[in-house]
Amino acid sequence: MGAMAPRTLLLLLAAVLAPTQTWAGSHSLRYFHTAVSRPGLGEPRFISVGYVDDTQFVRYDSDAENPRYEPRARWMEREGPEYWEEQTLVAKGQELDYRVSLRNLLSYYNQSEGGSHTIQRMYGCDVGSDGSLLRGYEQHAYDGRDYIALNEDLKTWAVADFAAWITRSKWQRNGAAERSRAYLEGTCVEWLLRYLERGKETLLRSDPPEAHVTLHPRPEGDVTLRCWALGFYPADITLTWQLNGEDLTQDMELVETRPAGDGTFQKWASVVVPLGKEQNYTCRVEHEGLPEPLSQRWEPSPSTDSNLLLLFLELWQFL
């Protein structure tokens with residue numbers, strides 16, 4: 001996305017930003033495309049969503065009353081009408097391309113025209129703290145399965161099956177990898193720098209997590225300790241349970257980081273421990289918003305101590 005803006009303008013922008021802007025950690029620009037055929041119900045639906053790091057900032061939906069690229073972050077509302085016109089034209093062109101691809105894939109897989117099928121695509125770039133490219137990527141899937149992907153060298157394609165081999169042969173002839181590489185190494189980085197500058201109050205902030213530990217008795221007689229991290233941004237965080245200072249990564253249950261709905265994230269990690277040994281276990285929380293890692297233990301209240309004693313007596317009587 002963004003390829004229609006004058007490249008000279010983007011290069012000037014990158015030259016201005018690069019010497020003065022540095023950021024903690026890496027940042028990413030990613031686009032997710034989904035095209036779904038629906039025989040008998042009209043043309044395929046096409047949705048494009050863009051993310052800077054973990055923040056959705058643009059969206060296009062062909063099923064909208066007036067399909068247009070629209071802002072999904074307040075800082076994107078500063079973009080002028082020319083930007084939205086250009087991006088809408090790009091999206092409409094992509095929509096037409098996916099219609100053709102859906103028809104081609106029917107023939108590649110010898111499928112009938114009566115069923116619904118889905119193409120998914122993810123592409124983008126990551127930059128380091130100095131604004132230089134760390135990596136670029138482009139991946140395609142068909143009906144939920146890997147189809148074709150750009151290798152790390154950004155020069156060759158990895159294919160999943162014979163149908164994807166047909167696509168690779170076409171793309172090798174028309175220079176698709178070279179175009180993707182030029183976009184990922186140049187335009188993608190330039191637009192990411194622009195978006196980071198545009199939304200720096202939101203995108204470059206560091207909200208530290210609030211952490212605490214809860215205890216949950218189990219029928220087996222032991223207990224689960226769950227370490228919570230809430231209200232943090234960006235999403236990258238590390239939770240590690242330790243026993244007497246030794247990591248317990250093999251014994252932990254760890255959920256994926258989840259959006260909290262208010263622009264921050266939440267996550268938890270749990271471990272099963274013997275009843276009465278809770279104080280030997282520590283949860284270590286690492287996040288860029290913290291000046292140093294947090295160490296959290298379960299802190300029982302007086303009422304909790306009484307409840308655990310009753311639980312122990314009940315289990316002892318049962319045994």
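Counting starts with 1 at the first residue shown.
For all residues, glycine too, the Cβ spot is worked out from N, Cα and C.
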* To do: Look at the disulfide annotations in Swiss-Prot and name the partner of CYS188 from this list: CYS125, CYS227.
  => CYS125
* To do: Pop the Cα-Cα gap between CYS188 (disulfide bond) and CYS227 (disulfide bond) into the table, whole Å please.
  => 37
* To do: Pop the Cα-Cα gap between CYS188 (disulfide bond) and CYS283 (disulfide bond) into the table, whole Å please.
  => 38
* **Composition by DSSP (helix, strand, coil) of residues within the domain 'Ig-like C1-type' (209-295)** => 6 helix, 48 strand, 33 coil
* Structure fact -> Helix, strand and coil residue totals from DSSP for the region 'Alpha-1' (25-114) stand at 33 helix, 27 strand, 30 coil
* To do: Give me the mean pLDDT over the region 'Alpha-1' (25-114), rounded to a whole number.
  => 95
